[in-house]
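> The following feature annotations were taken from TrEMBL:
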DOMAIN    21-268  domain 'Protein kinase'
BINDING   Lys50  ATP binding site
COMPBIAS  305-320  compositional bias 'Basic and acidic residues'
REGION    305-350  region 'Disordered'
COMPBIAS  321-335  compositional bias 'Polar residues'
COMPBIAS  336-350  compositional bias 'Low complexity'
REGION    371-427  region 'Disordered'
COMPBIAS  397-427  compositional bias 'Basic residues'
Amino acid sequence: MTNSFLETEREPKRKTFDEIYEIFETIGYGSNSKVKFGVHKEKGEKVAIKIISRKKFKIDSHLGFLFKREKEILKRLEHRNIVQFCAAYQSKNNYYLITKYIKGWELLEVINHTGKLSEFTAFKIWSQIVKAIGYCHSQDIVHRDIKPENIIVNKMYKIKIIDFGISNFVRKNELLSTNCGSPLYTAPEVWKGKHYNGKKADIWSLGIVLYLLVCGKPPFYEHNNILPNNITYPLGLSESLVSLIKRTLSFYPMKRPSCKKILKHKWLTENTKLEKILESEIIELPKTNNFKNIKHKLNINDISNHENDMTKPKIKKETSNEIQSSTINNLSDIVNESSTESSTESSNKTKIIRKNEIEFEKDYNLNEKEILKEKKSDLSTSDEVSYMEMEREKEHNKKKNKKKTTKKKKNNKKRKKNKKKKRVKKK
């Protein structure tokens, strides 16, 4: 009797990973992991499953810490442009980190296929990346591996950021020391082994991505070539775009603008206005194709560039078996919610995401008057203080150098006098 009673009182066991998910093709690889395409057996929900072997944890115990940190970071983040966390499991052989599967192409694939993008198309993609990273920074999280391979784009130019494997939590004014990230997109202060501001390092990576979008190639290929004079800008780029790239790729980290400052930059504000006008005219455009009227309204000379942006990127269709290249047919919506998921759950998730976005958007959706005021001060107060400290250090070092030179001069004079005295004595 006692045994039967205890059996009824026992809590039901949590289902194992194999009981819940079914694994299919490999769709990606990491340095210590692989990512497979999977499906929830009951809900039919498509997921991406990051798998790390327990054997690697024994070899490198730091991997366990990174796995837990990535899980906590993904749990905290709720944004429409960031991959959504589902669950985490462990078995005898592996650890599993499960996120929603995203339909689309890697941004690098799009650039390789289409070449450099027009400014307006680049704006549509890059502005979403900035908003997502800005949201991460508002949650005291730095990505540290921003690159086109970690950005998924669909045919409607909607993006999602993935792979938070080396991301980290940061406090205010906290400096990091780990040399990590992809070489082409890593800030100079990071690969030099110095203590660095994680948020400012992310801004550098954003600048490299923007340059790649509008130029079709990175500004640098080797660390030795990373110098201000080595950055070349092709003809045809607008002055506001060049100024934005220069600011994000400043060699002084504290001179780089924050994500909130970037969203107030002239290049983005002008393109947001253009986007709104084009959205209002989008119904009439296929019938009349009368871009002259829009040109008159906008008073923009180079409307031909924006005309080209109305066409969708021509990307080759793939077969269903080519999931490994992360190119999927019939890309409809990047949100990728399951059809079997209840409407109440999906509505609650969208509400949470929208609340987080509204809190962040309140800071950068300013009036034109406020934007004009902001132009007077390029650097934020915290940036100004840190920049002033840098200048003071420079002045202090200059004074030290002057003292050293004066001492050397005095010593040289004394030596000359002593030599003369010795010569006189010999005579």
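Using the three backbone atoms N, Cα and C, a Cβ is placed for every residue, glycine included.
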> Using DSSP, break the compositional bias 'Basic residues' (397-427) down into helix, strand and coil residues and give each count.
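The breakdown for the compositional bias 'Basic residues' (397-427) reads 30 helix, 0 strand, 1 coil.
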> Summarise the model confidence on the domain 'Protein kinase' (21-268) as a single mean pLDDT, whole number.
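For the domain 'Protein kinase' (21-268), the model's average pLDDT rounds to 92.
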> Let me know the DSSP-derived helix, strand or coil state of the residue listed as 'ATP binding site', please.
strand
> Within 10 angstroms of the C-beta of Lys50 (ATP binding site), what count of other C-beta atoms is obtained when all protein chains are considered?
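Lys50 (ATP binding site) is surrounded by 23 other Cβ atoms within 10 Å.
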